[in-house]
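Quick look at what Swiss-Prot lists:
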ACT_SITE  D12  active site, nucleophile
ACT_SITE  D14  active site, proton donor/acceptor
BINDING   D12, D14, D209  Mg(2+) 1 binding site
BINDING   R21, R123, R134, R141, S179, D181  alpha-D-mannose 1-phosphate binding site
BINDING   D223, T227  Mg(2+) 2 binding site
Amino acid sequence: MSLVPNTICLFDVDGTLTKPRNVITPEMKDFLAGLRTKVELGVVGGSDINKIKEQLGENCINEFHYLFAENGLLSFKDGSLLATQDIKKFLGEENIKKFINFVLHYIADLDIPIKRGTFVEFRNGMINISPIGRNCSQQEREEFEKYDLEHKIRPTMVSILKEKFQSLGLQYSIGGQISFDVFPIGWDKTYCLRHLPEDKYKTIYFFGDKTFVGGNDYEIANDPRITKSFTVTSPTDTKNFLSELFYKQ
């Protein structure tokens, strides 16, 4: 079967292909395997490659035509490494140290119901910050998300960091349930689009759940290269949109 020409579907991970921080279901895996025979598929996640593998499976780089970890700062095409970028070179160690020191002091003084561990996670192309700590349980994760919606813990912290470190040229993106990402301006999910040749891909569909202003899907969902973006609420929602696009008679 020939693929739909000049077309690719790009997917967020959390809330789009999987439930937040859950693994992909066998049903969704089978659905995507069938879809892959019809149209090219790509994944763009904010997490590092190991976390994406935890959710989508160890072999995921071979199951999509493109896989973009850390917004595309680590990129794979047809299972092979395509390109990498490094935030350490961009910011320099002194700026990174000042930024992380401030973040840790801020979280230490933050009064929230519970704290766990791994408040700062340094990745290849970004810094991930979690006020509650990334090694909280799934139940604690869900409780923090509700608390954050009411008390604006993450948005408040982001606004303070923006003001304090405005000279560094950083961008902040709230994604998932418990954390937010920090990266140089332009290193959001739109970064991955530079790896998709414009003369080949005339139609790009994007599927994501955090397409609101400040969400980590917002920039790519509104990029002029995206033909149409679909705001989804669950993997089932994603599957329904795809069925309408590619299986409707």
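Cβ atoms are placed via backbone N, Cα and C, with glycine included.
Overlay of Swiss-Prot annotations on the structure.
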residue: D14; record: active site, proton donor/acceptor; Cβ contacts under 8 Å, 6 or more apart: P20, R21, G45, Q55, G175, G176, D209
residue: R123; record: alpha-D-mannose 1-phosphate binding site; Cβ contacts under 8 Å, 6 or more apart: D48, E70, I87
residue: R134; record: alpha-D-mannose 1-phosphate binding site; Cβ contacts under 8 Å, 6 or more apart: R116, G117, T118, F119, E121, N128, I178, S179
residue: R141; record: alpha-D-mannose 1-phosphate binding site; Cβ contacts under 8 Å, 6 or more apart: P20, R21, I132, Q177, I178
residue: D181; record: alpha-D-mannose 1-phosphate binding site; Cβ contacts under 8 Å, 6 or more apart: G46, N71, M126, I127, N128, I129, Y172, S173, G175, N216
residue: D223; record: Mg(2+) 2 binding site; Cβ contacts under 8 Å, 6 or more apart: T190, L193
residue: T227; record: Mg(2+) 2 binding site; Cβ contacts under 8 Å, 6 or more apart: K202, T203, I204, Y205
Residues R21, R123, R134, R141, S179, D181 [recorded alpha-D-mannose 1-phosphate binders]: greatest CA to CA distance in Å: 21
Listed in sequence order, residues not in D12, D14, D209 with Cβ within 8 Å of the centre of the Mg(2+) 1 site Cβ atoms: V13, G15, T16, L17, P20, G175, G176, G208, K210, D217, V232
Around the Cβ of S179 (alpha-D-mannose 1-phosphate binding site), the count of other Cβ atoms that are within 10 Å: 25
Fewest Cβ neighbours within 10 Å, where candidates are the recorded positions D12, D209: D209
Three-state secondary structure, R141 (alpha-D-mannose 1-phosphate binding site) (per DSSP): helix
Secondary structure of D223 (Mg(2+) 2 binding site) (DSSP, helix/strand/coil): coil
